[in-house]
Amino acid sequence: MATRKRASLSSTTEPPQPKENTQKKPTSDEFQISPPKSAVILVLSLFFFLPYFYLIFHHYKIEQELKNSILINAALSLIGYFITVKLIPVASRYVLRANLFGRDINKRGTPQGEVKVPESLGVVVGTVFLVLAVAFQYFFTVDSNWVVEYNAALASICFMLFLGFLDDVLDLPWRSRKLILPSFAALVLLMAYAGHTTIVIPKPFIPYIGLEVMHLGWIYKLYMFLLAVFCTNSINIHAGINGLEVGQTVVISAAIVIHNIMQIGASTDFDYKQAHVFSIYLVQPLLATSLGLLAYNWYPSSVFVGDTYTYFAGMTMAVAGILGHFSETLLIFFLPQVVNFLLSLPQLAGYIPCPRHRLPRYDPVTDKLTGTKDGTLVNFFLRVFGSMSEKSLCIYLLVLQALACCFCFFLRYILAGWYK
(Lines of atoms letter the chains of each structure in order from A and count residues from 1; the text may use other names and numbers.)
(Lines give C-alpha, C1' and ligand atoms only; values in the text may rest on other atoms or scores of the structure.)
Protein backbone atom coordinates (compact mmCIF):
# COMPACT_ATOMS: atom_id res chain seq x y z
CA MET A 1 0.00 0.00 0.00
CA ALA A 2 1.65 3.21 -1.13
CA THR A 3 -0.66 5.86 0.36
CA ARG A 4 0.56 5.57 3.89
CA LYS A 5 3.60 6.54 5.83
CA ARG A 6 4.51 3.89 8.36
CA ALA A 7 5.37 4.71 11.91
CA SER A 8 9.06 4.29 12.58
CA LEU A 9 10.84 3.54 15.80
CA SER A 10 12.60 6.87 15.67
CA SER A 11 9.33 8.77 15.39
CA THR A 12 7.38 6.82 18.00
CA THR A 13 9.98 6.14 20.68
CA GLU A 14 9.69 8.52 23.63
CA PRO A 15 12.18 9.28 26.45
CA PRO A 16 11.94 6.91 29.42
CA GLN A 17 9.09 7.81 31.77
CA PRO A 18 8.36 6.81 35.30
CA LYS A 19 6.48 3.55 35.46
CA GLU A 20 3.33 5.13 36.85
CA ASN A 21 3.16 7.57 33.90
CA THR A 22 3.63 4.99 31.16
CA GLN A 23 1.12 5.60 28.37
CA LYS A 24 -1.66 3.03 28.31
CA LYS A 25 -2.39 1.07 25.18
CA PRO A 26 -5.48 2.21 23.29
CA THR A 27 -8.66 0.40 24.23
CA SER A 28 -11.71 -0.41 22.18
CA ASP A 29 -13.42 2.66 23.65
CA GLU A 30 -10.64 4.96 22.41
CA PHE A 31 -10.77 3.84 18.79
CA GLN A 32 -13.83 3.98 16.57
CA ILE A 33 -13.61 2.97 12.93
CA SER A 34 -15.88 4.63 10.38
CA PRO A 35 -18.94 2.58 9.36
CA PRO A 36 -18.60 0.42 6.22
CA LYS A 37 -19.58 2.14 2.99
CA SER A 38 -22.31 -0.34 2.14
CA ALA A 39 -23.88 1.81 -0.60
CA VAL A 40 -20.66 1.69 -2.65
CA ILE A 41 -20.48 -2.09 -2.26
CA LEU A 42 -24.11 -2.50 -3.31
CA VAL A 43 -23.60 -0.50 -6.51
CA LEU A 44 -20.43 -2.41 -7.43
CA SER A 45 -22.10 -5.74 -6.66
CA LEU A 46 -25.02 -5.04 -8.98
CA PHE A 47 -22.66 -4.69 -11.95
CA PHE A 48 -21.46 -8.22 -11.20
CA PHE A 49 -24.54 -10.06 -9.96
CA LEU A 50 -26.81 -9.13 -12.87
CA PRO A 51 -24.68 -10.84 -15.58
CA TYR A 52 -23.64 -13.56 -13.10
CA PHE A 53 -27.18 -14.80 -12.42
CA TYR A 54 -28.25 -14.25 -16.04
CA LEU A 55 -25.48 -16.50 -17.35
CA ILE A 56 -25.97 -19.23 -14.74
CA PHE A 57 -29.76 -19.47 -14.70
CA HIS A 58 -30.81 -18.35 -18.17
CA HIS A 59 -28.18 -18.12 -20.88
CA TYR A 60 -26.32 -21.41 -20.36
CA LYS A 61 -27.57 -24.87 -19.50
CA ILE A 62 -24.93 -25.85 -16.96
CA GLU A 63 -25.07 -29.34 -15.47
CA GLN A 64 -26.99 -29.31 -12.20
CA GLU A 65 -24.11 -30.79 -10.21
CA LEU A 66 -21.67 -28.11 -11.37
CA LYS A 67 -24.25 -25.38 -10.90
CA ASN A 68 -24.99 -26.51 -7.36
CA SER A 69 -21.31 -26.55 -6.39
CA ILE A 70 -20.81 -23.05 -7.84
CA LEU A 71 -23.83 -21.66 -5.98
CA ILE A 72 -22.83 -23.35 -2.71
CA ASN A 73 -19.40 -21.78 -3.06
CA ALA A 74 -21.08 -18.43 -3.77
CA ALA A 75 -23.28 -18.74 -0.65
CA LEU A 76 -20.25 -19.60 1.47
CA SER A 77 -18.43 -16.61 -0.04
CA LEU A 78 -21.34 -14.33 0.87
CA ILE A 79 -21.02 -15.48 4.47
CA GLY A 80 -17.32 -14.63 4.20
CA TYR A 81 -18.26 -11.07 3.17
CA PHE A 82 -20.25 -10.49 6.36
CA ILE A 83 -17.55 -12.11 8.51
CA THR A 84 -14.93 -9.82 6.94
CA VAL A 85 -17.05 -6.73 7.59
CA LYS A 86 -17.45 -7.73 11.24
CA LEU A 87 -13.81 -8.69 11.82
CA ILE A 88 -12.09 -5.64 10.33
CA PRO A 89 -13.04 -3.22 13.16
CA VAL A 90 -11.87 -5.81 15.71
CA ALA A 91 -8.58 -6.42 13.90
CA SER A 92 -8.07 -2.65 13.51
CA ARG A 93 -7.89 -2.22 17.27
CA TYR A 94 -5.29 -4.97 17.58
CA VAL A 95 -2.99 -3.63 14.85
CA LEU A 96 -3.13 -0.17 16.41
CA ARG A 97 -2.10 -1.66 19.75
CA ALA A 98 0.84 -3.24 17.93
CA ASN A 99 1.77 0.24 16.58
CA LEU A 100 1.05 -0.93 13.02
CA PHE A 101 -0.53 2.12 11.45
CA GLY A 102 0.03 4.63 8.68
CA ARG A 103 -0.84 8.18 7.72
CA ASP A 104 -2.42 9.05 4.40
CA ILE A 105 0.23 10.91 2.40
CA ASN A 106 -2.35 12.04 -0.17
CA LYS A 107 -4.10 14.01 2.59
CA ARG A 108 -0.97 15.57 4.09
CA GLY A 109 -1.63 19.09 5.32
CA THR A 110 -5.21 18.34 6.33
CA PRO A 111 -6.65 16.92 9.59
CA GLN A 112 -7.26 13.59 7.81
CA GLY A 113 -3.58 13.36 7.01
CA GLU A 114 -2.71 13.24 10.73
CA VAL A 115 -5.06 10.38 11.59
CA LYS A 116 -3.50 7.04 12.49
CA VAL A 117 -4.99 4.58 10.00
CA PRO A 118 -4.80 0.86 10.87
CA GLU A 119 -2.41 -0.94 8.51
CA SER A 120 -2.19 -4.45 7.01
CA LEU A 121 -5.90 -5.28 7.26
CA GLY A 122 -5.45 -7.58 4.26
CA VAL A 123 -4.57 -10.23 6.83
CA VAL A 124 -8.28 -10.41 7.76
CA VAL A 125 -9.30 -11.01 4.14
CA GLY A 126 -6.61 -13.65 3.66
CA THR A 127 -7.53 -15.49 6.86
CA VAL A 128 -11.26 -15.55 6.08
CA PHE A 129 -10.50 -16.63 2.51
CA LEU A 130 -8.38 -19.58 3.63
CA VAL A 131 -10.98 -20.71 6.17
CA LEU A 132 -13.68 -20.60 3.48
CA ALA A 133 -11.53 -22.46 0.96
CA VAL A 134 -10.64 -25.22 3.41
CA ALA A 135 -14.22 -25.55 4.63
CA PHE A 136 -15.55 -25.77 1.08
CA GLN A 137 -13.00 -28.40 0.17
CA TYR A 138 -13.85 -30.51 3.21
CA PHE A 139 -17.63 -30.39 2.88
CA PHE A 140 -18.42 -29.86 -0.80
CA THR A 141 -15.57 -30.73 -3.20
CA VAL A 142 -16.41 -34.02 -4.91
CA ASP A 143 -13.75 -34.43 -7.58
CA SER A 144 -10.69 -35.96 -5.88
CA ASN A 145 -8.57 -35.45 -9.03
CA TRP A 146 -8.20 -31.78 -8.11
CA VAL A 147 -7.28 -32.24 -4.45
CA VAL A 148 -3.49 -32.09 -4.95
CA GLU A 149 -3.56 -28.96 -7.09
CA TYR A 150 -6.22 -27.37 -4.88
CA ASN A 151 -4.04 -27.87 -1.81
CA ALA A 152 -0.97 -26.61 -3.68
CA ALA A 153 -2.91 -23.51 -4.68
CA LEU A 154 -3.94 -22.87 -1.08
CA ALA A 155 -0.35 -23.44 0.08
CA SER A 156 0.96 -20.85 -2.41
CA ILE A 157 -1.70 -18.34 -1.39
CA CYS A 158 -1.09 -18.94 2.32
CA PHE A 159 2.67 -18.60 1.82
CA MET A 160 2.21 -15.28 0.02
CA LEU A 161 -0.18 -14.03 2.69
CA PHE A 162 2.38 -14.80 5.39
CA LEU A 163 5.23 -13.21 3.45
CA GLY A 164 3.17 -10.10 2.72
CA PHE A 165 2.39 -9.65 6.40
CA LEU A 166 6.06 -10.24 7.18
CA ASP A 167 6.94 -7.43 4.79
CA ASP A 168 4.41 -5.09 6.43
CA VAL A 169 5.86 -5.77 9.87
CA LEU A 170 9.58 -5.92 9.07
CA ASP A 171 9.68 -3.64 5.99
CA LEU A 172 11.87 -6.02 3.98
CA PRO A 173 14.33 -4.84 1.29
CA TRP A 174 12.93 -4.11 -2.17
CA ARG A 175 14.42 -7.13 -3.97
CA SER A 176 13.25 -9.52 -1.28
CA ARG A 177 9.62 -8.45 -1.36
CA LYS A 178 9.38 -7.98 -5.12
CA LEU A 179 11.33 -10.97 -6.44
CA ILE A 180 12.48 -13.51 -3.87
CA LEU A 181 9.31 -13.91 -1.79
CA PRO A 182 6.87 -14.29 -4.74
CA SER A 183 9.31 -16.74 -6.35
CA PHE A 184 9.18 -19.05 -3.32
CA ALA A 185 5.39 -18.95 -3.27
CA ALA A 186 5.16 -19.68 -7.02
CA LEU A 187 7.49 -22.67 -6.70
CA VAL A 188 5.05 -24.33 -4.30
CA LEU A 189 2.43 -24.25 -7.04
CA LEU A 190 4.72 -25.39 -9.84
CA MET A 191 5.97 -28.39 -7.87
CA ALA A 192 2.43 -29.76 -7.68
CA TYR A 193 1.29 -28.71 -11.16
CA ALA A 194 0.12 -31.77 -13.08
CA GLY A 195 -1.63 -30.06 -15.98
CA HIS A 196 -0.59 -29.81 -19.60
CA THR A 197 2.48 -27.93 -20.78
CA THR A 198 1.26 -27.45 -24.33
CA ILE A 199 -0.16 -24.52 -26.25
CA VAL A 200 -2.66 -24.48 -29.10
CA ILE A 201 -1.15 -22.86 -32.18
CA PRO A 202 -3.35 -20.07 -33.59
CA LYS A 203 -4.97 -21.23 -36.83
CA PRO A 204 -3.38 -18.56 -39.05
CA PHE A 205 0.09 -19.83 -38.07
CA ILE A 206 -0.52 -23.58 -38.39
CA PRO A 207 0.53 -23.72 -42.12
CA TYR A 208 3.86 -22.08 -41.25
CA ILE A 209 4.63 -24.11 -38.13
CA GLY A 210 3.15 -27.41 -39.23
CA LEU A 211 1.67 -28.19 -35.79
CA GLU A 212 -1.70 -27.63 -34.19
CA VAL A 213 -0.43 -28.22 -30.65
CA MET A 214 3.11 -27.50 -29.45
CA HIS A 215 4.67 -29.08 -26.36
CA LEU A 216 6.76 -26.54 -24.43
CA GLY A 217 7.71 -28.52 -21.31
CA TRP A 218 9.85 -26.50 -18.90
CA ILE A 219 9.41 -23.34 -20.97
CA TYR A 220 5.69 -23.39 -20.20
CA LYS A 221 6.41 -23.81 -16.48
CA LEU A 222 8.86 -20.91 -16.63
CA TYR A 223 6.10 -18.83 -18.21
CA MET A 224 3.70 -19.77 -15.38
CA PHE A 225 6.37 -18.91 -12.84
CA LEU A 226 6.92 -15.46 -14.36
CA LEU A 227 3.16 -14.90 -14.62
CA ALA A 228 2.70 -15.67 -10.91
CA VAL A 229 5.51 -13.27 -9.94
CA PHE A 230 4.09 -10.55 -12.21
CA CYS A 231 0.51 -10.84 -10.93
CA THR A 232 1.71 -10.84 -7.33
CA ASN A 233 3.62 -7.58 -7.81
CA SER A 234 1.31 -5.86 -10.30
CA ILE A 235 -1.45 -5.15 -7.78
CA ASN A 236 1.17 -3.89 -5.35
CA ILE A 237 2.75 -1.32 -7.68
CA HIS A 238 -0.51 -0.10 -9.26
CA ALA A 239 -1.49 1.65 -6.05
CA GLY A 240 -1.27 4.89 -4.18
CA ILE A 241 -4.86 6.09 -3.71
CA ASN A 242 -7.69 5.00 -1.46
CA GLY A 243 -9.59 2.00 -2.79
CA LEU A 244 -7.44 1.33 -5.85
CA GLU A 245 -5.75 -1.92 -4.78
CA VAL A 246 -8.95 -3.56 -3.56
CA GLY A 247 -11.06 -2.01 -6.32
CA GLN A 248 -8.96 -3.38 -9.16
CA THR A 249 -8.96 -6.81 -7.50
CA VAL A 250 -12.76 -6.73 -7.28
CA VAL A 251 -13.10 -5.79 -10.97
CA ILE A 252 -10.64 -8.44 -12.19
CA SER A 253 -12.09 -11.12 -9.90
CA ALA A 254 -15.59 -10.42 -11.19
CA ALA A 255 -14.33 -10.68 -14.78
CA ILE A 256 -12.59 -13.99 -13.99
CA VAL A 257 -15.79 -15.46 -12.53
CA ILE A 258 -17.86 -14.34 -15.55
CA HIS A 259 -15.24 -15.74 -17.93
CA ASN A 260 -15.22 -19.08 -16.14
CA ILE A 261 -19.00 -19.38 -16.28
CA MET A 262 -18.99 -18.57 -20.00
CA GLN A 263 -16.38 -21.25 -20.66
CA ILE A 264 -18.22 -23.84 -18.57
CA GLY A 265 -21.48 -23.12 -20.38
CA ALA A 266 -19.97 -23.15 -23.87
CA SER A 267 -17.74 -26.24 -23.52
CA THR A 268 -18.56 -29.92 -23.80
CA ASP A 269 -15.19 -31.15 -22.47
CA PHE A 270 -15.52 -32.37 -18.87
CA ASP A 271 -11.89 -31.77 -17.87
CA TYR A 272 -11.97 -28.29 -19.36
CA LYS A 273 -15.11 -27.50 -17.35
CA GLN A 274 -13.55 -28.83 -14.17
CA ALA A 275 -10.55 -26.52 -14.60
CA HIS A 276 -12.83 -23.49 -14.78
CA VAL A 277 -15.00 -24.68 -11.89
CA PHE A 278 -11.82 -25.03 -9.83
CA SER A 279 -10.93 -21.43 -10.71
CA ILE A 280 -14.37 -20.25 -9.55
CA TYR A 281 -13.90 -22.03 -6.22
CA LEU A 282 -10.88 -19.78 -5.58
CA VAL A 283 -12.06 -16.48 -7.03
CA GLN A 284 -15.58 -16.22 -5.58
CA PRO A 285 -14.30 -16.14 -1.97
CA LEU A 286 -11.63 -13.63 -3.02
CA LEU A 287 -14.27 -11.40 -4.59
CA ALA A 288 -16.62 -11.53 -1.59
CA THR A 289 -13.98 -10.93 1.08
CA SER A 290 -12.41 -8.14 -1.00
CA LEU A 291 -15.78 -6.40 -1.15
CA GLY A 292 -15.88 -6.56 2.65
CA LEU A 293 -12.46 -4.90 2.80
CA LEU A 294 -13.41 -2.31 0.17
CA ALA A 295 -16.30 -1.20 2.39
CA TYR A 296 -13.66 0.24 4.73
CA ASN A 297 -10.89 1.02 2.23
CA TRP A 298 -13.00 3.15 -0.14
CA TYR A 299 -12.32 6.89 -0.05
CA PRO A 300 -11.78 8.16 2.58
CA SER A 301 -10.08 4.99 3.82
CA SER A 302 -10.68 3.85 7.38
CA VAL A 303 -8.05 1.12 7.00
CA PHE A 304 -5.05 0.39 4.80
CA VAL A 305 -4.68 -3.01 3.16
CA GLY A 306 -0.88 -3.28 3.25
CA ASP A 307 1.38 -5.50 1.18
CA THR A 308 -0.37 -8.40 2.92
CA TYR A 309 -3.44 -7.91 0.75
CA THR A 310 -1.81 -6.95 -2.54
CA TYR A 311 0.52 -9.98 -2.57
CA PHE A 312 -2.25 -12.31 -1.45
CA ALA A 313 -4.75 -11.03 -4.04
CA GLY A 314 -2.25 -11.11 -6.90
CA MET A 315 -1.18 -14.67 -6.11
CA THR A 316 -4.79 -15.87 -5.80
CA MET A 317 -5.72 -14.54 -9.23
CA ALA A 318 -2.51 -15.92 -10.74
CA VAL A 319 -3.24 -19.37 -9.30
CA ALA A 320 -6.81 -19.22 -10.59
CA GLY A 321 -5.60 -18.32 -14.09
CA ILE A 322 -2.79 -20.88 -14.22
CA LEU A 323 -4.73 -23.85 -12.92
CA GLY A 324 -7.84 -22.76 -14.82
CA HIS A 325 -5.77 -22.76 -18.05
CA PHE A 326 -6.60 -19.22 -19.20
CA SER A 327 -3.33 -17.40 -18.60
CA GLU A 328 -3.60 -15.47 -21.90
CA THR A 329 -7.02 -14.15 -20.94
CA LEU A 330 -5.74 -13.29 -17.46
CA LEU A 331 -2.99 -11.13 -18.94
CA ILE A 332 -5.54 -9.12 -20.92
CA PHE A 333 -7.60 -8.66 -17.75
CA PHE A 334 -4.38 -7.27 -16.25
CA LEU A 335 -3.81 -4.87 -19.16
CA PRO A 336 -3.72 -1.69 -16.99
CA GLN A 337 -1.26 -3.44 -14.69
CA VAL A 338 0.89 -4.38 -17.70
CA VAL A 339 0.90 -0.73 -18.83
CA ASN A 340 1.76 0.37 -15.30
CA PHE A 341 4.64 -2.13 -15.19
CA LEU A 342 6.04 -0.87 -18.51
CA LEU A 343 5.81 2.73 -17.30
CA SER A 344 7.51 1.73 -14.04
CA LEU A 345 10.26 -0.38 -15.62
CA PRO A 346 12.90 2.39 -15.99
CA GLN A 347 12.59 3.24 -12.29
CA LEU A 348 12.31 -0.36 -11.13
CA ALA A 349 15.43 -1.25 -13.13
CA GLY A 350 17.37 1.66 -11.59
CA TYR A 351 17.88 3.70 -14.78
CA ILE A 352 15.87 6.53 -13.23
CA PRO A 353 15.88 7.33 -9.49
CA CYS A 354 12.97 5.59 -7.79
CA PRO A 355 11.58 7.14 -4.58
CA ARG A 356 9.87 4.95 -2.00
CA HIS A 357 6.45 6.51 -2.61
CA ARG A 358 5.79 7.31 -6.27
CA LEU A 359 2.63 9.22 -5.47
CA PRO A 360 0.90 12.16 -7.12
CA ARG A 361 1.37 15.62 -5.61
CA TYR A 362 -1.47 16.65 -3.30
CA ASP A 363 -2.64 20.26 -2.99
CA PRO A 364 -4.54 20.76 0.29
CA VAL A 365 -5.93 24.08 -0.96
CA THR A 366 -7.74 22.64 -4.00
CA ASP A 367 -8.02 19.08 -2.55
CA LYS A 368 -6.75 17.70 -5.88
CA LEU A 369 -3.94 15.45 -7.02
CA THR A 370 -1.44 16.42 -9.72
CA GLY A 371 0.68 13.94 -11.64
CA THR A 372 4.44 13.82 -11.09
CA LYS A 373 7.16 12.55 -13.43
CA ASP A 374 7.26 9.15 -11.70
CA GLY A 375 6.49 6.27 -14.03
CA THR A 376 3.14 4.99 -12.81
CA LEU A 377 -0.23 4.74 -14.50
CA VAL A 378 -1.70 6.92 -11.74
CA ASN A 379 0.69 9.78 -12.49
CA PHE A 380 0.44 9.26 -16.25
CA PHE A 381 -3.37 9.44 -16.05
CA LEU A 382 -3.18 12.72 -14.13
CA ARG A 383 -0.64 14.19 -16.55
CA VAL A 384 -2.90 13.37 -19.50
CA PHE A 385 -6.32 14.29 -18.04
CA GLY A 386 -5.31 16.95 -15.53
CA SER A 387 -5.63 17.33 -11.78
CA MET A 388 -8.60 15.76 -10.03
CA SER A 389 -9.73 14.61 -6.62
CA GLU A 390 -8.52 11.32 -5.21
CA LYS A 391 -12.01 9.78 -5.27
CA SER A 392 -12.61 10.77 -8.92
CA LEU A 393 -9.20 9.44 -9.92
CA CYS A 394 -9.91 6.08 -8.32
CA ILE A 395 -13.29 5.82 -10.06
CA TYR A 396 -11.77 6.63 -13.47
CA LEU A 397 -8.98 4.08 -12.99
CA LEU A 398 -11.49 1.38 -12.00
CA VAL A 399 -13.59 2.23 -15.05
CA LEU A 400 -10.41 1.83 -17.12
CA GLN A 401 -9.89 -1.56 -15.46
CA ALA A 402 -13.45 -2.59 -16.31
CA LEU A 403 -13.00 -1.45 -19.92
CA ALA A 404 -9.87 -3.61 -20.19
CA CYS A 405 -11.88 -6.62 -19.02
CA CYS A 406 -14.69 -5.82 -21.47
CA PHE A 407 -12.10 -5.49 -24.24
CA CYS A 408 -10.87 -8.97 -23.38
CA PHE A 409 -14.37 -10.43 -23.71
CA PHE A 410 -14.84 -8.59 -27.03
CA LEU A 411 -11.49 -9.81 -28.30
CA ARG A 412 -12.31 -13.42 -27.45
CA TYR A 413 -15.69 -13.05 -29.18
CA ILE A 414 -14.38 -11.69 -32.49
CA LEU A 415 -11.41 -14.12 -32.59
CA ALA A 416 -13.40 -17.22 -31.63
CA GLY A 417 -13.23 -19.84 -34.38
CA TRP A 418 -10.65 -17.90 -36.38
CA TYR A 419 -7.69 -17.43 -34.05
CA LYS A 420 -8.06 -20.69 -32.12
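Just so it is clear, glycine is given a Cβ too, placed from its N, Cα and C backbone atoms.
As recorded in TrEMBL, the features of this protein are as follows:
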REGION    1-31  region 'Disordered'
TRANSMEM  39-57  transmembrane segment
TRANSMEM  69-91  transmembrane segment
TRANSMEM  121-140  transmembrane segment
TRANSMEM  147-167  transmembrane segment
TRANSMEM  179-201  transmembrane segment
TRANSMEM  247-266  transmembrane segment
TRANSMEM  278-299  transmembrane segment
TRANSMEM  311-335  transmembrane segment
TRANSMEM  393-415  transmembrane segment
#### Entry: Tertiary contacts of the transmembrane segment (39-57) (same chain, 6+ residues out, Cβ under 8 Å)
67, 70-71, 250, 254, 257-258, 261-262, 265, 287, 291, 294-295, 298, 402
### Message
Check the transmembrane segment (247-266) against the transmembrane segment (311-335) for contact, please; criterion is three or more CB pairs under 8 Å, pairs 6 or more apart in sequence.
### Response
yes
#### Entry: Residues of the parent chain within Cβ reach of the transmembrane segment (121-140), under 8 Å, 6 or more residues beyond its termini
69, 72-73, 76-77, 79-80, 83-84, 87-88, 91-92, 95, 147, 150-151, 154, 157-158, 161, 164-165, 281-282, 285-286, 289-290, 292-293, 296-297, 303-310, 312-313, 316
